[in-house]
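Annotation comment: Swiss-Prot describes C288 as active site, nucleophile. Taken from Swiss-Prot, the feature NAD(+) binding site applies to F156, K180, E183, K184, S233, T255, E387.
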Amino acid sequence: MDTTKQNVKTLKNFINGKWVDAKTETFENVYNPATGDVLARVPHSTSEDVADAVTAAKEAFKIWQKVSIPKRAKILFKYQQLLVEHQEELGRIVTEENGKSLDEAVAEVGRGIENVEFAAGVPTLMMGDSLSSVATDVEATNYRYPIGVVGGITPFNFPMMVPCWMFPMAVATGNTFILKPSEKTPLTSQRLVELFQEAGLPDGVLNIVNGAVDVVNGILDHPDIKAISFVGSERVGEYVYKRGSDHLKRVQALTGAKNHTIVLADADLDAAVKGIISSSFGSAGERCMATSVLVLQDEIADKFMAKFTQAAKDIKIGNGLDKGVFLGPVIRKENQERTLNYIQTGVKEGAKLVLDGSAEAKKHDGYFVGPTIFEDVKTDMTIWHDEMFAPVLSVIRAKDLPQAVAIANTSELANGACLFTDSAASIRYFRENIDAGMLGINLGVPAPIAVFPFSGWKHSFFGTLHANGKDSVDFYTHKKVVTARYDQRRFK
């Protein structure tokens, strides 16, 4: 960690509508991972900073919860318009601090905007239910209400999209929000809050507290924070879930992944190659929906691998701002070194290294690893088991679909799985027997749109209610059921 002052911008926290200095003397650098250049310094804020944000959010909640739902929706609509106008700008910020290609970054911004659009439909989403006759002259009505101050802890890999899974719906449903963005990619969130303020969001409704573990613990422990949304690693997600639950908070923790993609003999191999190249190596493999294990049916494995390996070799690697670049860097030097160690481990444990991306580490100033492909991988190998979060693909062969599904189901991480096939019967078998929450058929990244939940299984999710879709409305609201008798005897 770099705690020295440099001639770069020092980021502030956003509390009660103002940019304020963190109460800390500890900072770390925000890097452009493609160049190693320092973009800014981010503070390691303290639990005192969290408390200040909670105080502001708690006061703002008293007023915000009373704002009419259509008026809140109008602010969301204005916010959506501003995000569309600034989509290219936001994409460049994402690329500069995260490293992914500009095309991917702009597309990510688009996915975030979709979540804002969904949240803007809050008048319909907040509607309750009623039954006019539960007994003689008695009716019952169910109403939704916001729960209060809520928090969000977001990862580095989608600095635009993941925060937009959280705060737009949270504030649309009447809550106030405290966001802790990743200390590796905090710049996008700064611009997001500026644009929301421009859209007319009142002071204190959305707050940002930058930092690391002290901020996480401050959010988890504060008694006035009622719910916490988290996206990140399995290890940290389990910690967040347990500690937050110990403090009687609602917690949704979306965590690690080891996604398997199966290609059967009847698949369109060219389409499968294209989809899996994007899934495995897009965003440098640093996404929880990446294909990290490829299971090939024996009879087409050699033919597929010839096509796939050549396509991987043709990938353009470099700074995501450069035209035509597909694969950018991993996020930090330590992530690069960790990935290189995994490649060495795979070789030592007996996997066949078909394509080695290690050489890219020496060709660039940033933190690059090229596309890497292993064959002859076994399910007891480290590279099969661990979530590497890198452009490294493990390939396994299977005689048929049941064996391929059995291999995938061995993993304790079950965010998603994909199948390439032309068989309706195979699709049904896959759907009914695979143990994963998000399934792709003839596509490589089965991340759902905003109206459906992001529904990981097993150790890929801790909690009850998922992010996105109707689950997010349920997560950020609680209900009152009013049962009323209206005596009708006077009219008889």
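From the backbone N, Cα and C atoms, a Cβ is placed for every residue, glycine too.
Annotated features, which come from Swiss-Prot, shown on the structure.
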residue: F156; record: NAD(+) binding site; Cβ neighbours (10 Å): 21
residue: K180; record: NAD(+) binding site; Cβ neighbours (10 Å): 28
residue: E183; record: NAD(+) binding site; Cβ neighbours (10 Å): 22
residue: K184; record: NAD(+) binding site; Cβ neighbours (10 Å): 21
residue: S233; record: NAD(+) binding site; Cβ neighbours (10 Å): 16
residue: T255; record: NAD(+) binding site; Cβ neighbours (10 Å): 26
residue: C288; record: active site, nucleophile; Cβ neighbours (10 Å): 27
residue: E387; record: NAD(+) binding site; Cβ neighbours (10 Å): 21
Separation of alpha carbons, C288 (active site, nucleophile) and E387 (NAD(+) binding site) (Å): 9
Per DSSP, three-state class assigned to K180 (NAD(+) binding site): strand
Euclidean distance between Cα atoms of C288 (active site, nucleophile) and K184 (NAD(+) binding site), Å: 17
Separation of alpha carbons, K180 (NAD(+) binding site) and C288 (active site, nucleophile) (Å): 19
Site diameter for NAD(+), Å, by largest Cα distance between F156, K180, E183, K184, S233, T255, E387: 23
DSSP three-state assignment (helix, strand or coil) for C288 (active site, nucleophile): coil
F156 (NAD(+) binding site): secondary structure state under DSSP, collapsed to three categories: coil
